Amino acid sequence: METWWHALTFSLGYNTSVVTLGSMLLAAAAGMVGTFVLLRKRALVSDAISHSTLPGLALAFILVGLVTGDGRLLPALLLGAAASAALGLWAVQAISARTRLGEDAAIGAVLSTFFAFGVVLITVIQSMRVTGQSGLTGYLVGATAGMLASEAQLIAACALGLLAAVLVMRRDFLMVCFDADFARTQGVNTWRVDLLLLMLLMAVVVVGMKVTGLILIVALTIIPPVAARFWTDQPMAMVALAALLGALSGYLGVTLSSVSEGLPTGPLIVLCAFGLFLASFLFSPRRGVLASLLAYRRFRQRVHLRQGLLALGRDEPIFDGLTLSLLRRRGYIRRDGVATPPGQAAARDAEHEERLWALYRERYPDDALHREHAGLTPIAQVLSADAIMALEAQLMGLREMRP
Amino acid sequence: MPDPRLAREVIASPFAIQGLTVSYDHRPVVHSVDFVVPPGSMTAIVGPNGAGKSSLLKAALGITRRLTGEVRVFGRPIEQMSRHVAFVPQRNSVDWDFPARVIDVVAMGLFRDLRWWQFSGRDHRRRAMESLGRVGMEAFADRQIGQLSGGQQQRVFLARALVQEADLTILDEPFAGVDAATETAIVEVLKSLRDEGRTLLCVHHDLSTVRDYFDHVLLLNVRRIAAGPVAEVFVERHLQATYGGRLSPVQLARLVGSAAEVGGR
């Protein structure tokens with residue numbers, strides 16, 4: 001616990017602090033890029049990328065190992081991983097563009113083939129006489145404990161570059177994610193924007209390999225954006241929030257893993273991210289489970305209140321306990337169940353609303369179908385003013401016809 | 001300068017299509033269509049389902065690939081002139097659960113005016129709000145787009161096009177699945193745009209309103225059947241050719257009967 005506190009306050013030495021900061025930057029970049037990938041509905045592509053890094057990584061390790069005797073040279077490993085990830089991406093694109101297979105099928109095929117090849121290469125490495133073999137498992141589950149400050153600096157620099165690239169391209173990404181057809185009419189080369197987004201995603205995966213491991217990096221591009229979606233309805237706010245949540249999970253995960261030797265960083269970061277997701281899922285005031293439950297309660301009360309008021313207006317007896325207590329609490333009825341003057345006024349309003357909605361349903365049945373709970377929300381909150389005016393006028397007309 | 005060999009009407013037109021063919025898997029869905037949209041007109045593209053109306057627009061706008069053909073805006077290739085063209089896609093072409101507010105969507109119409117280092121400022125917000133006002137939606141600016149009705153979604157898409165202040169606005173089925181109040185409101189906005197001298201081109205499926213809303217029409221069924229002013233072109237002979245005899249005599253009588261009225265006036 002005390003070690004964790006030291007790690008959290010960056011007082012565990014220079015190396016650990018640099019590694020923590022580097023991981024946080026990377027996780028932030030992953031969250032930002034991941035948000036756009038998620039909004040483009042291509043979250044699975046990151047899975048394909050991460051799995052197809054393995055053969056390139058292993059090949060680079062073998063080549064460097066044959067030349068120098070020690071395969072652990074971070075820049076070379078990153079380059080190798082990037083090259084084979086690019087090949088994997090190209091294969092996915094080519095399969096989904098030139099055959100009748102969908103992108104999901106292409107991803108499944110490419111992902112498994114590349115990963116299988118990578119695993120074969122790793123067994124080859126284990127039979128080789130090269131030092132640093134144990135370092136390779138760090139790329140599978142992530143290991144920041146033994147990371148050098150120079151490696152962390154490289155990761156941080158790449159992450160900063162990614163953040164800058166996302167900042168520059170944010171509007172193009174957003175346009176393409178929301179409405180690619182429209183973006184094309186605005187002179188946006190959507191093909192190039194998509195390619196760039198995938199490139200950034202690939203860079204995140206490759207750079208993040210050392211931190212979370214090549215499989216789990218996917219989680220950092222998906223979980224923080226999904227968690228962020230619970231808190232906001234604004235696109236750029238979602239991007240910023242995903243970056244923040246990503247950085248926070250990186251911070252918690254890396255510091256936790258420094259508590260004891262051999263704790264895997266990647267899984268810890270991902271579990272922290274999941275914790276943040278779970279908290280968002282439960283407690284978000286907009287879309288969270290708790291808020292939905294409360295909203296359901298409120299909705300039920302509204303239905304009871306409306307039915308009670310309509311019954312008041314028609315002078316029908318009310319038996320339901322909840323309805324009675326709701327009406328009483330608002331002062332619409334007296335203890336003995338007789339309507340008060342405000343209750344009568346509210347009943348008249350409710351009746352008028354009901355008539356407007358009924359007319360609306362009659363006139364525009366298709367449109368009314370699209371609205372949930374049509375009729376319970378005050379009509380002024382749903383329809384624009386001119387539409388309501390038209391309805392009111394029609395209602396007046398109907399009354400004149402049937403005096 | 002536009003190519004001087006071009007016809008004068010092509011240079012004057014905000015949207016001139018020449019020899020446009022679109023095909024999916026060797027099957028042409030639009031075949032060798034020539035069409036010049038008269039400037040300042042309100043033109044409908046009319047034809048049966050599968051006639052290639054939307055395909056024609058999408059290919060002409062460069063959204064999908066065209067097999068052959070050229071599209072010119074004031075005599076120049078549309079690729080150079082896309083600033084002058086605003087597009088209102090079909091409402092169901094996007095995911096309305098996207099994390100965006102109404103104002104965010106309208107602001108996408110300002111894409112060209114914003115560089116990457118700029119944050120959208122008060123002036124941009126004012127322009128977006130003005131467009132929303134024109135379609136009667138300013139009260140909904142901060143609403144999440146998922147909460148809108150079909151008609152309101154269409155109004156937001158129209159506002160996104162309005163904010164571009166383009167010479168030509170192209171709409172793909174703007175009246176599909178919207179309530180009557182929205183249909184009236186959209187027609188009012190479109191007519192006001194035409195009165196400002198702008199040009200409108202609409203894919204339209206409701207034959208009974210063609211006469212009320214539009215002054216020019218292109219009848220399309222894979223090939224161009226006829227094109228020109230509504231009063232001259234929207235007649236029984238061309239309609240039968242477009243719909244391949246699928247219109248009942250009663251329908252035709254109603255459509256063409258109103259033509260006789262217009263002719264007699």
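Here the Cβ of each residue, glycine as well, is placed from N, Cα and C on the backbone.
Those TrEMBL annotations? Automatic predictions, nothing curated.
Not measured: the values here are computed from a predicted model.
As annotated by TrEMBL, transmembrane segment applies to A:12-39, A:48-67, A:73-92, A:104-125, A:145-169, A:190-208, A:239-259, A:265-283.
The transmembrane segment (A:145-169) shares the most Cβ pairs under 8 Å with A:12-39, out of the stretches A:12-39, A:48-67, A:73-92, A:265-283. If you look at the transmembrane segment (A:190-208), the same-chain residues 6 or more away from its ends with a CB under 8 A from one of its CBs are 26-27, 29-30, 33-34, 36-37, 40, 45-46, 49-50, 53, 78, 81-82, 85-86, 89, 155, 158-159, 162, 165-166, 169, 172-173, 176, 180, 183-184, 214, 217-218, 220-221. Sequence-distant contacts of the transmembrane segment (A:265-283) (same chain, six or more residues past either end, CB-CB distance under 8 Å): 23, 27, 141-145, 211-213, 215-217, 219-220, 223-224, 226-228, 230-231, 245-246, 248-250, 252-254, 256-257, 289-291.
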